[in-house]
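Asker: First, the structure itself, so that you have it in front of you.
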Amino acid sequence: EGAGAMGAGFGLGLGLALSSSAFIGSSFVLKKKGLLRLCRRGRARAGQGGHAYLREWLWWAGLLCMGVGEAANFAAYAFAPATLVTPLGALSVLVSAVLSSTFLNEQLNVHGKIGCILSILGSTVMVIHAPQEEEVSSLESMAEKLKDPGFIVFAVCVLVSSLLLIFVAGPRYGQSNVLVYVLVCSAIGSLSVSCVKGLGIALKELFSGKPVLKEPLGWVLLVCLVICISIQINYLNKALDIFNTSVVTPVYYVLFTTAVMTCSTILFKEWQHMVLDNIVGSISGFLTIVSGIFLLHAFRDMPFTPSLLPLFLQPGRADLHPPWSSADRHQSCQHQPLLPSEDKGSQSAEEEEVEK
């Protein structure tokens, strides 16, 4: 019965993670569509500090989709390990890319399509070899985890780096480098996942009849989660307004996954009981995702035209037979002269003299 309950919990967490990716991928496109409508109306853009998007219903629809997706993601973290749920966010890359090409006319070139496929394959490998996190079944054990010196150092580094990105790098490079604002979202997002895990444990205890509402840790985690999500929404809006959706989404996924895996490793000690093949599989899957994101990001402005193809693959060149075509090859074999080229030249000269 315990194994069946674990299997049911795993299936529920997997289904919630998949639905979360669908909603979140759609939310990127809806938000971008709303921001583009504001730009055509001449309103102040979000990338320049404007907040006119708050009066755009498409932006609110995107926010609603993201809220539903995050709620499903929240529930998935309560039933499955973070290193299983987070890599499935790669499916939101595929959803966003397909919807962007349909509704936003943001066409992906061949490199971008290969990059999306590699991201999906890499996330699948990571799910197969996902480490099993250490069991945390109560808020008391979660509090002990949060007091770990390694996690405290990690949290301080995240906060300091985020402040530097916001106040130092943002004004200088935020309009030209996609990594600035996306790094802020990813770093803060790693802390929000920790808050989500703690709140999921608190809800489980609440439903089981324990007096969780009297515990201050649950309220602290809730306040921290609201702050983290607010920061993520603000700077994700800036990144979406400035850069292409098909670039922001996968880059955000890779950086967010890296931050969450690092945070989960430090907080839950997930890698201590893993065998070597699972470690190699997880690293290989993540490197595959990084390779796909590199293809998508580095070659996004490179046009892939038919002229770059070989001649025999180019459209309109089918009537041009290359010299190695079968017809020419048979003809050359049937009519190949027996004499060398020098003799052929002398023979033609003799024929001209005879004619004269």
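Even glycines carry a Cβ here, placed using N, Cα and C.
So TrEMBL lists the following for this protein:
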- 323-356: region 'Disordered' (REGION)
- 6-30: transmembrane segment (TRANSMEM)
- 57-79: transmembrane segment (TRANSMEM)
- 85-104: transmembrane segment (TRANSMEM)
- 111-130: transmembrane segment (TRANSMEM)
- 150-171: transmembrane segment (TRANSMEM)
- 178-202: transmembrane segment (TRANSMEM)
- 217-235: transmembrane segment (TRANSMEM)
- 247-267: transmembrane segment (TRANSMEM)
- 279-299: transmembrane segment (TRANSMEM)
Asker: Using Cβ atoms only, state whether the transmembrane segment (57-79) and the transmembrane segment (150-171) have three or more pairs under 8 Å that are 6 or more apart in sequence.
Answerer: no
Asker: Can you work out which residues elsewhere in the same chain, 6+ from the ends of the transmembrane segment (111-130), have a Cβ less than 8 Å from its Cβ atoms?
Answerer: 81, 83-84, 87-91, 93-94, 97, 246, 250, 253-254, 277-282, 284-300, 302, 304
Asker: Going through 150-171, 178-202, 247-267 one by one, which has the most CB pairs that fall under 8 Å from the transmembrane segment (217-235)?
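Answerer: Answer, by Cβ pair count: 178-202.
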